[in-house]
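As annotated by TrEMBL, ATP binding site applies to Q107, K123, T222, L223, W224, L225, E294, D309. Under the heading Mn(2+) binding site, TrEMBL lists D142, D309. Taken from TrEMBL, the feature domain 'FAM20 C-terminal' covers 188-397. Summarising the annotation, TrEMBL assigns active site to D289.
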Amino acid sequence: MKLKQRVVLLAILLVIFIFTKVFLIDNLDTSAANREDQRAFHRMMASLHVELDPRLDHTLQSPWEIAAQWVVPREVYPEETPELGAVMHAMTTKKIIKADVGYKGTQLKALLILEGGQKVVFKPKRYARDYIVEGEPYAGYDRHNAEVAAFHLDRILGFRRAPLVVGRFVNLRTEIKPVATEQLLGTFMTVGNNTCFYGKCYYCRETEPACADGDIMEGSVTLWLPDVWPLQKHRHPWGRTYREGKLARWEYDESYCDAVKKTSPYDSGPRLLDIIDTAVFDYLIGNADRHHYESFQDDEGASMLILLDNAKSFGNPALDERSILAPLYQCCIIRVSTWNRLNYLKNGVLKSALKTAMSHDPISPVLSDPHLDALDQRLLSILATVKQCTDQFGPDVVLVEDRMTLSHL
């Protein structure tokens, strides 16, 4: 065989090899990943309903120790959590041994210490389920039930980045006041026949207390993350100015994402994709108030964006605030696993799944039907937004494969 023929033959073989690698092997890998996404979805659906059961099988650990061991840089809790019901049961029933004003912030909350030394954040009920919060998408008081619903949506989306939340009824007279600090106790009052408190926070006012029904107050409790995982606060690159007449750069610069991609930690690692996931999450729940976010400290962009403080959600089911999706439609990228999960939740599956997941909660029904219906409608808007991106740039650019191994030691 002549040299020229050999070169041509080798070139043909090389082309065949590249074709096989790119179009066959990679496609097989992608198909395997997609099949795993589907299996993960079915596992999640099978474990949606969580019975609040105090029993802990095959362990001598406390529920607090179990929950603390779940936390790793990319998850607050693992995919399979047979002890989840026991931990949540403890959150809603364990004796309160200390009550104090909440950590600094804009909204009313209380910091409770439960038997066994576990800290939880208590957010009181301020609105009836069918109350519509008018005005700006971030208007109104915190919604305790929104925290509960957002936690279960986090489970359904497979993110597992939101701390555990469960509803709880507390007796302010017998459970809180006897163990309250002087600072918290000084904010208690009686309005009519109801016990109330207004706490300490930026917007806390004596004229705007949260009131129980008699002595019994409905609220949510959020499990405090372990102290061995200190948090670092970051300004959200798509945060609002909260000043009338002053727009943030992302609100008028359609190329803003290009600038974000050049800054740390968004220039490498998973953080930008976490921002996109969070935009999807926040749009579904109607949360336009994520001006800051938290990650674990000294993570150099490797840890997850933790989905804390979701209470400015589910305020108005008729309001779909599209600007929440700005990271998605300006960057036009999304994780393949997130895209797959969203597609599995079409055709009413999301509403049904969330309703099932929340049905066990002590404050059930957690959401009114209009809010559940809004979730399905918003999901369609997200899918349409991604399709616009793929039509413009192609799926190979928009759908990003980013599956990170999560280790629970």
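In case you wondered, yes, glycine gets a Cβ from its N, Cα and C as well.
Since the structure is predicted, the reported quantities are computational estimates derived from the model, not experimental observations.
Here the binding-site residues are Q107, T222, and the one whose Cβ sees the fewest other Cβ atoms within 10 Å is Q107. A mean pLDDT of 96 is what the model gives for the domain 'FAM20 C-terminal' (188-397). Fewest Cβ neighbours within 10 Å among the binding-site residues L223, L225: this applies to L225. Comparing Cα positions, the residue listed as 'active site' lies closest to T222 out of the binding-site residues T222, W224, L225. If you measure from the Cα atom of W224 (ATP binding site) to that of D142 (Mn(2+) binding site), you get 18 Å. Cα spacing between D142 (Mn(2+) binding site) and E294 (ATP binding site): 19 Å, rounded to the nearest whole number. E294 (ATP binding site) is surrounded by 18 other CB atoms, counting those within 10 A of its CB over all protein chains shown.
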